[in-house]
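Colleague: Attaching a single structure in structure tokens format; questions to follow.
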Amino acid sequence: MATRSRSALRRLTVAIAATAAVAGTGLAAVPAGAAPAPAEGKIYGAGAKTAIDGSYVVLLKDGAAAKTLKATGKKELAKTYGGKLDHNYTALDGFSATGLSETEARRLAADPAVDKVVQNKTFRITGSQVNPPSWGLDRIDQTSRSRDGVYNYPDSAGEGVTVYVIDTGVRVTHQDFGGRASLGYDAIDGDNSATDGHGHGTHVAGTVAGAAHGVAKKAKIVAVRVLDNNGSGTTAGVVAGIDWVQRNASGPSVANMSLGGGADAALDAAVRSAIASGVTFAVAAGNSAANAANYSPARVQEAITVAASTSSDSEPYYSNYGSVVDIYAPGSSITSAWRSSDTSTNTISGTSMASPHVAGAAAIYLGRHTGATPAQVASALSSGATAGAITNATGSTPNRLLKVVE
């Protein structure tokens, strides 16, 4: 057995003690040559009240590397980080994925091909209540508050324009549509059977283009179902519906979104992408009596954001407000078609009812100006609106009430 001198043993003891002291600080905790911890990025909307655990919307970066991620590539990208592909978006470059832990989602967010990872969350139609008969059509064809009992509109009435109702679906057989409504896409069931199991979407569509209740009486309606029979949906499903609209829209096109929730970067990006492709969007400001700048898609600057008005030209207690609002439109006690039968109607209130008035007005304008861009449509409606009509407009909300323009 080998022996050491006392001085050598002392030097060895000091060296061991020094190594232990360094290890105690954590500096020697990682062995030489060990891989660094994986990079992590940001999850947008993490911790939202309506967040869906383990579910995310992934937006990809522009560029050749991201463009090569077709459906199979996206599936593998999700799988690499522990997730499963849910929706594959093609017009909007991205996808949704489930089964990811928060750590896995953060690591996915740091992938070179990824622009943003957004927490998937639930969205709902805005609240409604039963009220007396409607009055909205009579108000939007004149500047005076004293209605004349007649809705005057151009004979073209939105003919040649398609309006996509992104909602709970539509009862396309309702007599108010006269064969002008069709089923488009169903993000809830993943097919094209976008029938209405709630009623909200049929009501909205009737206000847009119903023969009796509608603004643009000759426009076509396409149902895009992104909310279920309870009026609830997810970021992933709503984005899938918008993505479908962008891919399928042809000719003069308008989309109406009478839904909303908290600020959502993925939803905003999808709406902006569709608008950039040429689809005019009318969106509800929301019914939380709060600043619409904190809600999606209401906060999207390129969309036409609509607050509600009452029959006395006041801002109702429930309507969202603020500088992101573009225009007011009738929203309280609006009667329109309903899903119960091919002749049924219902009277409800909300910014959900205001937005389709604007979508219909946009369709009328596009029917006469088929080459107009979404920005030009928005400008025409703002310029033609009745200024100063709302008696109690909140704060910085632009005081403009919808008036149909040709």
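From the backbone N, Cα and C atoms, a Cβ is placed for every residue, glycine too.
Predicted, not measured: the structure shown is a model, and the values here were computed from it.
Reproduced below are the annotations present in TrEMBL:
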| type | residues | note |
| --- | --- | --- |
| SIGNAL | 1-34 | signal peptide |
| DOMAIN | 158-388 | domain 'Peptidase S8/S53' |
| ACT_SITE | D167 | active site, charge relay system |
| ACT_SITE | H200 | active site, charge relay system |
| ACT_SITE | S352 | active site, charge relay system |
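What's the neighbourhood like for each of these?
Modeller: Mean pLDDT, taken over the domain 'Peptidase S8/S53' (158-388), works out to 97 on the 0 to 100 scale.
Counting Cβ atoms from all protein chains shown, D167 (active site, charge relay system) has 30 others lying within 10 Å of its own Cβ.
Secondary structure at H200 (active site, charge relay system), taken from DSSP and collapsed to helix, strand or coil, is helix.
Secondary structure from DSSP puts S352 (active site, charge relay system) in a helix.
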Colleague: In the three-state scheme derived from DSSP, which category covers D167 (active site, charge relay system)?
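Modeller: Strand, per DSSP.
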Colleague: Could you give the Cα-Cα distance between D167 (active site, charge relay system) and S352 (active site, charge relay system), in whole Å?
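Modeller: S352 (active site, charge relay system) has its Cα 10 Å from the Cα of D167 (active site, charge relay system).
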Colleague: Using all protein chains in view, find how many other C-beta atoms are within 10 Å of the C-beta of H200 (active site, charge relay system).
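Modeller: Excluding its own Cβ, H200 (active site, charge relay system) sees 28 Cβ atoms within 10 Å.
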